[in-house]
Amino acid sequence: MVDKSDLQAIEGIKRRPRTHKEELQASARKITKDLQSFPARYIRSLFPIISWLPRYQFEWLWGDFIAGVTVGLVAVPQSISYATKLANLPAQFGLYTSFIGVLLYALFATSKDVTIGPTGVLSLATGQAIATYAGNSTVAQQVTFASTLAFWTGIIQLLVGLFRFGIIIDFVPIPVISGFTTGAGLQVIFSQLPALFGIKGVNTNNAPYQVLIDFFKGISGTSTYDAVFGLTSLAFILIIKFSTDFAVKRLGITWLKYVGFLRNTIVVIIYTGISYALRNSKTVVFAIVKTIPYGLSGIKSPDTSIAYAPTVFQALPAIFIVSVLEHIAVVKTYGRVNGYTPNANQEIVAMGLANTFGSLIGAFPATGSFSRSAIKTASGVRSPLGSFVTGIVVVISLFSLTTSLYYVPSAVLSAMVVASVAELVSKGKIAADLIKVEFFDFLGFLVGFIVTIFSSLENAIYASAGYSLLVLLFRIARPRVEILARTVTGEWIDPESDEYADGETVPPLDADSPEGIFVFKVEEALTYPNSGYILDIIKEGVIERFRYTNTNVRKADKNWSDDTEARFNARQKDGLKPLPPLRAVVLDFSSVTNIDYTGFQILVDLKEDLGRYAGRPVPFHFASVRRRHVNTLLGVPQAGKNANTSSAAAALNGEGNKKPLSFKLKFKKTPEEISQKEALELESLEYFHRTVDAAVKAANEQTKDVVFEGGLTEIVPVVV
């Protein structure tokens, strides 16, 4: 028994751990304190411009202007191509989606580099949603569907961001995202092949493999001039890209990077000029964009009525997931590259506002663009103000270039789409790295990729999210449990771990380590999903390493499944050294981050079961327990002090005679009860240590007077 005055002397415990009541009181005080300043901090976080605009330097203006104009010139042709070729909507709605998104995003964003608007993957998902849920509707009805989808996507994003639920995006890992992104990139390319060659009658909303089959079946229907425009423009775009990259990196001609950034714009201008020159030709026939309404004359509002909502709600989950995952991936990437930390929740708010208000003029779902953000970063953007400039450039194009855009060849837009998403496919090289790092991550990549290729992007999203959740639950429910042994260098290792499965030599073990002490380490939180599994692993470890020493069981009382005598005889027959008896258990909790009630109860049950297996109470010593868990575990050392059972199998299978738990409702304890409880808690603190070595030493000292002699059933404890 330990007095309160001696508490400081207890190894590893410098002060008495707080009770649950004290923890709740401390939490309540912290919440009360935080609530006082919360409204001001929260409102300020919703308007990041309040923080960065007063610090704006005049010298930044040139960088923002150049970056904004450059991205704007890229966004105009790219938005038209994504709208017409992927979302299957009139061209003007791609421009509406571009300018309204960047203008609103700049006010609420925490990233200076990201440009919001149409993207290849999200436009493809939108186009597939339209084909699935509004395929038989008129163009006007499909536009309404797309803008309504953007409206409700924005509303959900706003709710998630405002209530700070952005953590949900962390449940889908990068390998899975890479899988369906790579598959989506191939799907985009396959869907553009018919338009690139001018082939009619191919349903590009089918699964990618089917689109590819139908493309080759219809290859005889190739339109010569569409193919010429498409293939030569694609080659031109790629030549500009690689030649300017070479000139910048190898020859040091840095100004050529802007030529590379504007390659799509340059190609569109050239081929639009050729198209215009051939406008009166009767023999040269090819598809063009045709009429784009002047200014904002083509805007169309969404149908926000509750009656229409179920029409778009079926497509909403996939669009929401793609938009959020793609945007946060872009934001985090460029935040890391440029040395700042964006706020994921606020980014979702900014995207939600862009989609909600953008839908009011007919915009379809938008998110952060990797390609345009890369150009923005490389162009030297200094603040979110660059997005305003981009928006202004797009607005100017709506009021000045719509007549010229009439003659843009359709095949050239397909070439732009193919060139833009080719970078998504190139990320497939990550698969080789995934095999080396983690096989489950590689499987996640394959799930996303294969389902995208053989089904649809929507199904791939659901399959990827489901796989991610399944793997997460599996890793929680089946944690790694290491049974430790001490090496001659003082390190505690698991000699049977995978680390030594490939032929690597196990370090020499310390022959002087105390015998009969079972040391194990749980590499995960001890909670209800994994408690039963951990209990089974520990029981198996005890059976394999320690002999059954309960002498209070007659043969007639043994359980039918008790094979301890057979195992003992087999070891004797093989000439093996008899197993030692179990003296104590040491639990390394250095990796345990959380313990719930089920985890606590499992430890209590384990202590009682091992006590019945050993025929005597087995002390449990803890090492490296987090301070907030000490109070939770104080009851474990006191459990199972009067253990007995009918057999070894009954003990380790939980088939002993356990007394049912009973609870008495009592609101006030007597001084004697309080004193007894405190005494037990102080006594239990002796079982908590800072290191495994200290725990093993204490366990050895505590059980050194217990000696076992004899064989299987004649083993009797002798105190010397």
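Count begins at 1; order follows the chain as displayed.
In case you wondered, yes, glycine gets a Cβ from its N, Cα and C as well.
Summarising the annotation, TrEMBL assigns domain 'STAS' to 507-634. Mean pLDDT across the domain 'STAS' (507-634) comes to 86 in this model.
Using a Cβ-Cβ cut-off under 8 Å and counting only residues 6 or more beyond its ends in the same chain, the transmembrane segment (60-77) has close neighbours at 95, 98, 102, 115, 117, 258, 261-262, 264-265, 268, 371-372, 375-376, 379-383, 385-394, 397, 401, 408, 413, 416. The annotation transmembrane segment is assigned in TrEMBL to 60-77 (among others).
Per TrEMBL, transmembrane segment is recorded for 89-108 (among others).
Taken from TrEMBL, the feature transmembrane segment applies to 149-169 (among others).
Under the heading transmembrane segment, TrEMBL lists 176-199 (among others). Through the fold, the transmembrane segment (176-199) approaches residues 85-86, 120-121, 124-125, 205, 208, 211-212, 214-215, 218-219, 221-227, 230-231, 234, 286-287, 325-326, 329, 410-411, 413-415, 417-418, 421-425, 427-428, 430, 441, 444-453, 457, 460-461, 464-465, 467-468 of its own chain, all at least 6 residues removed from its boundaries and within a Cβ separation under 8 Å.
TrEMBL lists 219-240 (among others) with the feature transmembrane segment.
What TrEMBL lists as transmembrane segment is 261-278 (among others). With a cut-off of 8 Å between Cβ atoms, the residues of this chain six or more beyond the transmembrane segment (261-278) that come close are 70, 73-74, 76-78, 229, 233, 236-237, 240-241, 244, 284, 286, 288, 375, 378-379, 404-405, 407-409, 412, 415-416, 419-420.
Feature annotation from TrEMBL assigns transmembrane segment to 348-368 (among others). Within its own chain, the transmembrane segment (348-368) has Cβ neighbours under 8 Å at 46, 83, 87, 89, 92-93, 96-98, 100-102, 104-105, 107-110, 114-119, 122-123, 125-126, 143, 146-151, 153-162, 166, 296, 298-302, 319, 322-324, 326-331, counting only residues six or more beyond its boundaries.
Here TrEMBL flags 380-399 (among others) as transmembrane segment.
Taken from TrEMBL, the feature transmembrane segment covers 437-454 (among others).
The list of residues near the transmembrane segment (89-108) in space but at least 6 beyond its ends in sequence, with Cβ under 8 angstroms from a Cβ of it, reads 46-49, 75-76, 79-83, 114-118, 127, 130, 139, 142-143, 146-147, 150, 289, 292-293, 296, 298-299, 346, 349-351, 353-355, 357-358, 361-364, 366, 384-388, 390-392, 394-395, 397-398, 402, 405. Helix, strand and coil content of the domain 'STAS' (507-634), in residues and according to DSSP, is 53 helix, 20 strand, 55 coil. Counting same-chain residues at least six beyond the ends of the transmembrane segment (380-399), those with a Cβ under 8 angstroms from any Cβ of the stretch are 48-49, 52, 56-57, 60-61, 63-69, 71-73, 75-76, 79, 92, 95, 98-100, 102-103, 105-107, 109, 111-113, 115-116, 294-296.
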